[in-house]
Amino acid sequence: MISYLLRRSAFLLVSFVIAMVAIFVLLRLLPGDPSNALLSVTATPEQIAAAQAQVGADRPVLEQFSTWFGQLARFDLGESFISSLPVGPEISARLAVTVPLTLLAFALALVISLVAGFVAATRADRWYGILISGISQLGVAVPVFWVGILLVSVFSVGLRWLPSGGFPRDDWADPADALRSLALPVITVAVVMSASLTRYVRAATLDVLGSDYLRSARAQGSGRGEALWRHGLRNGAVPVIAILGIELATTFLGAVVVESVFSLPGLGSMLLKAIQQHDYPNIQGVLFVSTLVVLVIGFLGDVAQRLVDPRLRVSISGNR
Amino acid sequence: MKKNIAFVALGLATTLLLVGCASGADSSTASAGDATIEIGSLYEPQNLSNFGGGGQGVTEAFNGNVYEGLYKLTDDGSVEPLLAASNTVSDDGLTYTFTLQDGVSFHSGKALTSADVKASIDAVLADDSQSARKSSFGAITSIETPDDKTVVVTLAERSISFIYNLSYVWIINADATDLESTEDGTGPYALGDWKRGSSLSLTRFDGYWGDAAANSEVVFNYFTDATALSNALLTGEVDIVTSVQSPDALSQFNDNADYVVSDGDSTTKEVLAFNDRVAPFDNVDVRKAIYSAIDTKKLLNSIWGDYGTLIGSMVPPTDPWYEDLTQVNPYDPDLAKKLLASGGQPDGFEFTLDTPSYDPHPVVAEFVKSELAKVGVTVNINTISADEWYTKVYKAQDFTATLQEHVNDRDVVWYGNPDFYWGYNNPQVTQWVGEAEASTTTDEQTAKLKQVNEQIAQDAASVWLYLYPQIVVAASDVSGYPVNGLNSQFFAYDIVTE
């Protein structure tokens, strides 16, 4: 297991470096000029030249590249082209919104889908089992922003229970206030996310229910519940854990849409603005953090799978 | 294990819902004068300096609120002294001597001196300045500060707009650093918090030299989505929206006693700009034909309903030299066909319209296309990003025709610059624009610029499709806000709630 962890960590590091290089190169291939965001319709030629100098995009690409990697090595994400403000502190401020949003939505989606998926599988012949399956099928096709708009019109504009958007000025100073702001975005993401998760849980449960080992356990006198608890859970968990990692990463990256609908000052809305303005340091900073998060989630997901299922550990160490 | 996770998460979800139901929006019911005014806007500043390309948002939040100029452009378009107590002009019109107000101090506590004024004008003129007004101050040859209260500016040539242009120059503390994320102005408010991506708050400055702000705090809440902005107003999260950009939202507020919709005069023109250098738009008759082929009244109505104004030139009603020129190029498809024939295009022609991808340009482009098809002119719509617009149209001038909104007041003078992106080149107009600036009286300036208006309308230098409305929507218990919002400024210090 330790050698596996070492190999997997090395792989993580290499993937990360490759991703950073790719991000840098791809950004430079985009058409457009970052200095344009600074200009007005009355800009003089001197101001156009000054704007180009300010964003530093006139420097050779290799020089920009070495500067950026040098900064990264010192844990410095540089300064925004457009605002000249440091990128690092802004990203940490935005993470205070995006991380709780992602984790709460993920937790909520997990609850919904574990319950719904299990019921849909074990009660596949009842009307509510069929209904859950149907809704989850439908849910996969529903866009996040649509659910968001729907929830806002019902719970904010209609019932006035929750704010329609924004985030408290003092962040988490009053946690209840911050949670109120996050409630609708969290539910929005969770609803959409649980649709696909429910289908995975249902499939995994059906798999377990039809398995030989469960039938053997039942034959040896275990009740249905006990058999599922002792034998089914672990076996069912392996494919679900694999998909959970991907779902968590997707939710984190997908925050951009829901943050826009709810005017939340998160990482997603920062990325959107930065892309509109060709603000390379901001784009690179956000992608740096999100790439790291996604890769680490993948890593943890893999490790968790091996912890849950000893067979994977054996086969990996046995083969190599 | 599964059960445990389930319980934790279920608990979390329940908490969320309970928290949600527990408290309603806490609206401030503080006594008059101590209210916090929540403002909703789509324009977040890029940074807090207007010398460094802070954009429209920093003007909206800071101009007149946090920073002040020697002069102030009021909401009705007139210019009044602010930090300048008085001024004298030499007989040749080249030397301006300003005396500063007494008792003015910056938010940091430092007293305002003439050195600060000089530093502020120098910052506009600096090589790396992105100030939109930099080109207006080309005539300045020197700025002297004989004493702490006096500033003497010498010009190379007469500039009747000099005082007006000064209303755009924020007086900053000469010693201040880091004006991109902090401020040090003399205005009635000091910066509270700037939470990027979300809000910016201004708190009343107790040491203000003039009349104190009528409220204790204003908060600009920033939205990226017009629907989210309307929802915030509907749910009471904001008291007022500085500028509604989507008429679709208005129906919810129009017939609702809880809100007041005000229809002010903006300075934003929707312009169909030709590249007047290239065929066929180098021909006056062809340009006039296009103008007469478009039913601007129908266009305005389809986009803004009953709001907005038709203009026949680049000049909005709040400019001193405004006159109604809407009949110079009337809507008349038959006339358009005749003009096309006399312009050498009897069978029509085909051209590409470079169209910025954001509202309202794509809709306007489709409308123009269908109108021109009726007189035999084929329009190919080429949708481009704002970024591409600058590179292709503004910088490279590589286009045949384009759509753009021009936001500032008094910008008719750009038709006197043959190098400007639209390439209108009438030496007579260039001369009049120069003479207007060199006028000795505002009457003379006004007369010259009226000649300019009339001439560019006669030449159909561009098609001025319509003037945007300036729609402010506010809760009905809120008053004291500016309704015209010239050049995106939004004075917040008189706003009160009942």
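Every residue gets a Cβ built from N, Cα and C, even glycine.
Nobody curates TrEMBL annotations by hand; they come from automatic prediction.
Quick look at what TrEMBL annotates:
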- A:12-30: transmembrane segment (TRANSMEM)
- A:95-119: transmembrane segment (TRANSMEM)
- A:95-301: domain 'ABC transmembrane type-1' (DOMAIN)
- A:140-162: transmembrane segment (TRANSMEM)
- A:182-201: transmembrane segment (TRANSMEM)
- A:240-262: transmembrane segment (TRANSMEM)
- A:282-303: transmembrane segment (TRANSMEM)
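Highlighted: of the candidate stretches A:12-30, A:140-162, A:182-201, A:240-262, A:282-303, A:182-201 has the greatest count of Cβ pairs under 8 Å to the transmembrane segment (A:95-119). The transmembrane segment (A:240-262) and the transmembrane segment (A:140-162) are in contact, since at least 3 Cβ pairs between them lie under 8 Å (pairs 6 or more apart in sequence). For the transmembrane segment (A:12-30), the list of distant contacts is 61, 64-65, 68-69, 72, 278, 280, 283-284, 287-288, 291-292, 295-296, 299: same-chain residues at least six beyond its ends, Cβ to Cβ under 8 Å. Non-local neighbours of the transmembrane segment (A:282-303) in the same chain are 5, 8-9, 12, 15-16, 19-20, 23-24, 27, 68, 72, 77-78, 80-82, 87-88, 90-91, 95, 241-242, 244-246, 248-249, 252-253, 267, 270-271, 273-275; each lies 6+ residues outside the stretch with a CB under 8 Å from one of its CB atoms.
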